[in-house]
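Feature annotations, courtesy of TrEMBL:
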DOMAIN    B:23-335  domain 'ArsA/GET3 Anion-transporting ATPase-like'
BINDING   B:30, B:31, B:32, B:33, B:34, B:35, B:36, B:37, B:247, B:274  ATP binding site
ACT_SITE  B:61  active site
BINDING   B:285, B:288  Zn(2+) binding site
């Protein structure tokens with residue numbers, strides 16, 4: 001065996017220590033100490049008599065002379081003796097299988113732990129920054145304070161905007177990640193979307209048909225029961241009194257409320273709005289105040305369309321009836 | 001494989017005493033285990049075995065003990081031990097040093113509304129380890145200032161630290177990677193939100209200057225910590241001596257400390273086990289025999305767990321170990337293993353102080 005220098009010996013020992021820690025793991029070693037893995041490392045204290053009995057049993061079960069000699073030795077090994085090494089405490093604990101240190105490297109397991117810690121630190125950087133900016137208004141030198149409730153800085157619009165921008169960026173990144181889903185999920189989503197759109201259109205058409213029938217029924221009712229054949233007669237209070245306009249407006253109001261509720265519950269399906277498309281194109285040039293108004297308009301634009309549609313039916317009916325009669 | 005198995009570790013600190021390249025030696029442990037006695041003993045042995053080299057023993061424990069140990073008053077400035085001219089001692093409170101630093105910053109920048117000051121101030125509370133790093137920087141500054149004219153160099157060959165019992169003194173060793181990422185993030189934010197950050201710091205050219213100042217400070221801290229890290233993680237320059245006693249809690253804490261230190265890539269190769277009774281069967285004291293049995297149980301565990309470490313077993317003496325002479329007598333057993341049969345007369349032979 002070649003003579004090793006002190007530095008080489010130190011290096012070998014360091015690598016051996018690191019390898020054992022990596023192999024066994026820090027938790028395993030701590031568990032051994034606390035006695036989880038075996039009764040031999042129990043931390044229970046025993047009475048003096050029990051210790052005496054244990055000591056006697058240990059001496060009887062081993063080579064007495066050898067142990068006594070070891071205890072009596074002056075210059076070699078520990079004066080306490082190698083009793084522990086003779087005992088079978090660590091049946092499963094051996095030196096690392098591969099003691100060729102050159103293949104192990106320094107603290108392989110520890111390196112992994114460090115990498116994990118670094119990754120955790122990386123993930124915590126954003127949290128750390130948020131904490132720092134949240135707390136920068138307070139002259140507070142406490143360690144590790146985490147409670148940011150009630151911090152006046154949170155109410156500062158500038159800081160809120162900054163933080164929300166930070167969070168917004170994160171949300172955008174998350175959305176981008178979510179968009180990179182598998183092709184199947186994309187197809188499923190598209191199919192679902194189309195189905196929802198189809199259902200919405202079906203409802204709309206049925207709604208239109210029902211409206212049309214009700215309005216036409218009202219017109220015929222007024223024509224036959226109230227002899228209403230001109231629109232001007234509606235407003236001629238001296239000759240005829242007609243409740244047509246009351247019925248008409250009441251029905252329109254009911255239709256509008258019903259449709260509004262439906263729209264609010266199915267907001268995402270209202271994507272065919274021309275106003276929305278136009279806003280997407282030129283939205284940057286429109287002031288925010290008007291933008292909101294226009295978006296509201298876009299949302300309920302179909303209600304207006306329906307009303308105008310019904311009105312035009314009424315006008316058409318009166319037009320035809322006044323000509324024919 | 002056989003050549004590695006032949007590496008036997010002697011139960012003493014000769015490898016450290018004879019290790020010429022060591023520049024930093026930390027002595028630490030938890031729970032009143034005899035850190036100060038051990039650090040004093042290590043320093044004395046270093047000084048005696050290497051009379052041509054200079055050593056500095058520093059206590060960073062706010063509850064200083066060096067003055068009590070040597071029965072000589074020490075302070076923030078290094079002072080030679082009476083009777084051992086190549087060993088000096090210093091007691092410094094890192095927290096006080098940090099407060100001094102912060103007060104100095106306050107004096108130079110007394111604007112209470114300075115956002116930079118508040119951000120820097122809160123940074124010390126936000127980043128784990130930054131307080132310890134800043135304290136340590138102050139300690140290093142103190143050490144360097146002992147050199148007199150050339151305050152950029154340290155005039156001592158080896159510095160021994162009697163660390164505070166918290167154990168977190170060295171967690172700033174994790175700082176460099178954290179600071180690096182933080183700085184990268186700051187640069188990124190500065191690029192994206194530069195005007196906003198400038199507004200936060202006063203707006204205009206003043207805001208930009210302050211932003212750059214903050215980055216410069218962070219960078220300076222990072223550079224200092226990186227430099228310190230480099231030395232502390234070099235096993236030829238730095239080592240940590242763990243001190244413990246042969247009891248369950250101390251054993252547990254020692255293992256945790258070792259794991260923590262190894263996560264910092266700091267070298268730990270020696271463990272000093274203090275307060276051992278070495279009671280034999282003929283000892284009349286039942287209590288001593290009982291405690292010795294308990295100690296032996298944990299010693300056995302330590303022999304198994306730490307077979308790759310130098311396990312130095314030190315006796316419990318009959319009185320407290322104070323004064324240079326007593327410490328010198330006691331420190332011999334760090335180098336020559338204590339034999340309870342031959343060396344037991346020391347137990348009751350210490351001088352009264």
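Counting begins at 1 with the first residue displayed.
Just so it is clear, glycine is given a Cβ too, placed from its N, Cα and C backbone atoms.
The structure, with features from TrEMBL marked on it.
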{"residue": "B:30", "record": "ATP binding site", "Cβ neighbours (10 Å)": "19"}
{"residue": "B:32", "record": "ATP binding site", "Cβ neighbours (10 Å)": "12"}
{"residue": "B:34", "record": "ATP binding site", "Cβ neighbours (10 Å)": "23"}
{"residue": "B:36", "record": "ATP binding site", "Cβ neighbours (10 Å)": "24"}
{"residue": "B:61", "record": "active site", "Cβ neighbours (10 Å)": "22"}
{"residue": "B:247", "record": "ATP binding site", "Cβ neighbours (10 Å)": "19"}
{"residue": "B:285", "record": "Zn(2+) binding site", "Cβ neighbours (10 Å)": "11"}
{"residue": "B:288", "record": "Zn(2+) binding site", "Cβ neighbours (10 Å)": "15"}
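The maximal spread of the ATP binding site, taken as the longest Cα to Cα distance among B:30, B:31, B:32, B:33, B:34, B:35, B:36, B:37, B:247, B:274, is 19 Å. Taking the Cα of residue B:30 (ATP binding site) as the reference point, the closest of the recorded positions B:61, B:285, B:288 is B:61. Of all the recorded positions listed here (B:61, B:285, B:288), B:61 has the Cα closest to the Cα of residue B:36 (ATP binding site). The separation of residue B:34 (ATP binding site) from residue B:285 (Zn(2+) binding site), Cα to Cα, is 24 Å. For residue B:61 (active site), the nearest of the binding-site residues by C-alpha distance turns out to be B:34; the candidates were B:34, B:247, B:288. When secondary structure is read from DSSP and collapsed to three states, residue B:36 (ATP binding site) falls in the helix class.
A Cα-Cα distance of 19 Å separates residue B:34 (ATP binding site) from residue B:288 (Zn(2+) binding site).
Across the structure, residue B:288 (Zn(2+) binding site) and residue B:247 (ATP binding site) place their CA atoms 14 angstrom apart. Residue B:288 (Zn(2+) binding site) carries a helical DSSP state (H, G or I). Confidence for the domain 'ArsA/GET3 Anion-transporting ATPase-like' (B:23-335), expressed as mean pLDDT, is 80.
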